[in-house]
Amino acid sequence: MKINQHYLQLEKSYLFTMIGKKVAQFQQQHPEVDIIRLGIGDVTLPLCPAVVEALESASREMGVKETFHGYGPEQGYDFLKEKIAGYYAEKGVTLALDEIFISDGAKSDLGNILDLFDADNTVLIPDPVYPVYVDTNIMAGRKVVFADADASNGFLPLPDENTDADIIYICSPNNPTGAVYDHAGLKAWVDYAKKRDAVILFDAAYESFVADPSLPRSIYEVEGAKEVAIEFCSFSKTAGFTGTRCGYTIVPDALVRGGVALNGLWLRRQTTKFNGVPYIIQKGAAAVFSEEGRRQTLANIDYYRENARILADTLDRLGIRYTGGKNSPYIWMECPNGMKSWEFFDYLLENAGVVGTPGAGFGANGEGYFRLTAFNDHENTEKAAKRIEKLLSK
Ligand code: MLT
């Protein structure tokens, strides 16, 4: 028996696990400190009433012989896929139902999709970025090259014709920097992928935070993207499903490599390794698209946007540079006084009782940066902002 040696190349623990442990240790040593968590991007508002009602009613259906559901379609129920197709139609994107696959979240699918690709492919990943992209490719022993995202390009790298890549990750609105590509930026990546026969893995988990109507929420808003891109999305940040678990992945029929449709491969993979998302959860997710559900989830997103504004205003007053916070729940700030990311993490935790995420945890270019989330409640966000202001204006 030989273990997968590639696992030994990984950092000892996943970024947010590491932060969780550090914070728990600090709390144990300082039980008197009222810690405010602006670290992991986990929502704090409860599921909206429309979703709760749908979950309740679906649960009751499951307790009655005539309306009970056993195994569902591995790729999801049509009642949810029809809603998703309708949502995309509003963005001017036409999707066939067989192009939509319901999952238990974007993170799982972003990892699982790699089953479709040879270990020999070269992967291009922006730096900094959501650590799951890098870790899942290290696990498979794939070669990773990085696209530098930094202040000089507004944290939105564009393709470099001298870099060869087969698989390209794009996250927009970006985690962690909050930067958002415009149509021209995404088109540059689509053109680059087309030229190389590469595939783009587009993470749209934060699309519902885009407030500026001129910015794209889906890569398929760019012409020709269906021939090069797979899109991942989730109800986690849009509708508070981080603990409920539901997302979706779009594999367009037009995405064909070496004469093979990737849609068929993904279907084969899912029908073999996945038995689908629970009926009850899919009913809850479908309610996100009802008139009430749309209104209620948008109100929650506005609530988080207000938190982002509070944090951004504080940084403005302190003269600290940052990106994000406008079309994203994340604020990506420069660490003050040239501090390193983990140094600032400790400084903020020990002196203000505020937890954020060290930029270095998202890649080498994240060193010297720090991520704050807007996913706490108003009261805590205001309290944290005041503590940060007091500490950093010293
Ligand atoms: C984050 O904080 O980056 C996210 O919550 C992680 C995730 O969505 O898995």
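The backbone N, Cα and C atoms fix where each Cβ goes, glycine too.
TrEMBL entries are annotated by machine, without manual review.
Here the structure is a predicted model, which means the values were calculated and not measured.
Pyridoxal 5'-phosphate binds Tyr71, Ala106, Lys107, Asn175, Tyr206, Ser234, Phe235, Ser236, Arg245, Asn275 as TrEMBL records it, and from the list Tyr88, Tyr130, Tyr133, Tyr303 the residue named for this site is Tyr130. In the record from TrEMBL, residues Tyr14, Lys107, Tyr130, Asn175, Asn275, Arg371 bind substrate; the candidate from Gly41, Gly86, Gly154 listed for the same site is Gly41. Recorded residues Ser234 (pyridoxal 5'-phosphate binding site) and Asn175 (substrate binding site) have their alpha carbons 14 Å apart, per Cα-Cα distance. Across the structure, Gly41 (substrate binding site) and Lys237 (N6-(pyridoxal phosphate)lysine) place their CA atoms 8 angstrom apart. Reported as a whole number, the C-alpha separation between Asn175 (substrate binding site) and Lys237 (N6-(pyridoxal phosphate)lysine) equals 12 Å. Checked against Tyr71 (pyridoxal 5'-phosphate binding site), the recorded positions Lys237, Asn275, Arg371 differ in C-alpha distance, with Asn275 being the nearest.
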